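**Student:** Sharing a structure below in structure tokens format, with a few things to ask.
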Amino acid sequence: MGRKDSILVRQHLHCDSCYSRRCRAPVEPSASCALLPCRLLCGAVFHLCKEEEHLLLCPNVRVPCLNAQYGCPVQLPRSSRAAHLQVCPASVVCCSMEWNRWPSNIACSQPHTELLENLLRERERFGCLDLAMALQDQDALFHSIKMKKLFPELIQTAEEEAKEEQRLEEEMKKEKEKKKQAFMEKEAAERPVLSQAEREAIARASEVDAGLLENYNAWERMFSMEMGGCRESEGTAGAGRGQARGKGRGKSLGSLKEEEEATCDGAAASTSSACSSSLTGKPKKKSFVYGKLEPMKIITVRTFKIPTSFTARQGRIRNPGFYKRENKAVDTSDLGVAPGDMPVWEEVQASLLCSLERERRGHLIAESTSSDSLLMDEGTQTYSFLSAPFRRNTSLADLTAGKPLELHLQLQVESVTSRQNKASSAFTFLCGHTFQRTEYGKHFKNIHSDIQMCVNGWFEQRCPLAYMGCTYSQRRFRPSTYEATVNFNEELGCFGLHPSTPFSQPAGGGHAEGGEDRLSSLPYEVLCHMASFLDSQSLSQLALVSRLMRQVCSSLLQDRGMVTLRWERTSSSHGRAKWRVTHRVWQFSSLFSPVDAWSFRDVPSISEHLKVCPYNEVESKTEKIRLPLVREEIKPKKSCKGPTLVTLFQEKRIMM
């Protein structure tokens, strides 16, 4: 019997259909019960038998959040659940903003290699926003490109990878042994070597019992004898194995001998039969020996197929090539070029080209074209890399880890949405940061609309001679209410605001008498109140300062933080893959203090930089330049009519 049925059983006949707040029905055990108001003061009046049913709808009953299964621990009245969704820590929004970047060396644009090289050389000094964003996108792109998908023919097999790992382990062991041996030799060189007589003399001098010395010498002699016996037995065993290998190599299929089955009883029977044969004088029957074996010749029989029609197949009409086909394979050796002179591909450029080709039409190892049903040409694109073969899980970022940093994407960003048709030769990047529902609008306005899409030329202005290699740039905007500088945090992969207010260090260095900083010496309640004024990005960084600050920031997680589920892929007993939640992650978002309006910074104009720019070479012209001359020819008027526009143009001629 369910819960609903039990409720209906307890209700009375009158109460089942009574909804009046002023019911005056008499109280009868089998018909009706008394009226009473809600104990949670929601204003409802009902019969006593309907109290349990009313709790399922009462707006003042405390219930878990709608996102309780996603990690929200809040218990709140039922009437407040809708308003709580706006600030719920489990109501997380993932930013889906997309943008495009073109490769830096495409044919339709200038590569600007000098500018990129100078920027990479001085990136720690200037900290340009567009360069930091481009490097962040390039790192994400290189980690997403797997060599196994692009070049499966150059991937190591499991056996080769296991052999390489074994080889690396052996090399590490050899290095450890060499280090250990060198350390022992060093210790032995520093420590004086004593002879046996000197050791015995030292032992006697230290008043060691003579019987113990005799026992020690006896054990030493026994141990040396055992070592000699082990060496002798190892040599004998090695010689026996060598003879066995020599005998094994001499056997062949020409003298294959039939062996008898050997059992425990058969061993005794063979002994008795040998004795009886020697007594009777009858020779023992030899086991049967096969002659020389030859492989049997297999004859393929082609059965006759009864024709079903007088009409010949369309493929055999006027097609002599049907009966005779020739398969011819060629490779790079047919080109007549030495293997050392073959071009070697650069991993990054080849991977980016193949990735764009795969995105456009799918990268195939072999491209085949057929002119008719019989002739087919197959062409295979081969690649030669210095770092090949690759491991199975190798990404492009692993190959470029030990190389000098280079930028293979353009600094300019193109805005595009998923609903637009984007170019096939550009890479698409996704923001992917998570925020609370109330923070997403501020993030999109400040980060994507104000900074990211206006960083090239408007928010950050570069020198007009940047194409020649000048790295000068200036940031033109700041928040209108306070002085701060926009920077890019490479660890978090997001923008941030750095206040430029001058900070004066106290005389004591900011530390109290006990060695603790002055901020940590404040009461816990004061620290929590001060932390409530910080933005989410500052709270996430403050939590990394100390354990006390981590406790302070954790007290604000339910109000300012967000919770997400961490999923893990597991395999069931039947071999099927499934996903399960391992734990819940509480964290702060990367949103900085929202900026409602921006204002221009007090910085000099870019023309002031051009006066001292090293790439601005002023060229003074001293030679005379001939300018065009306009000469008017005055002709006598032949009529009384006035000049028209056509006649005026005909009278004026341009003379050089």
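Each Cβ is built from the backbone N, Cα and C atoms, and glycine gets one as well.
In case it's useful when we look at the structure, here is the feature table from TrEMBL:
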- 54-108: zinc finger (ZN_FING)
- 54-108: domain 'TRAF-type' (DOMAIN)
- 151-189: coiled coil (COILED)
- 233-258: region 'Disordered' (REGION)
- 516-570: domain 'F-box' (DOMAIN)
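Please situate the listed features within the shown structure.
**Tutor:** The average pLDDT for the domain 'TRAF-type' (54-108) in the predicted structure is 89.
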**Student:** What are the DSSP helix/strand/coil residue counts across the domain 'TRAF-type' (54-108)?
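**Tutor:** Taking each residue of the domain 'TRAF-type' (54-108) in turn, the totals are 11 helix, 14 strand, 30 coil.
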**Student:** Counting each residue once, how many in the domain 'F-box' (516-570) are helix, strand and coil under DSSP?
**Tutor:** 27 helix, 10 strand, 18 coil
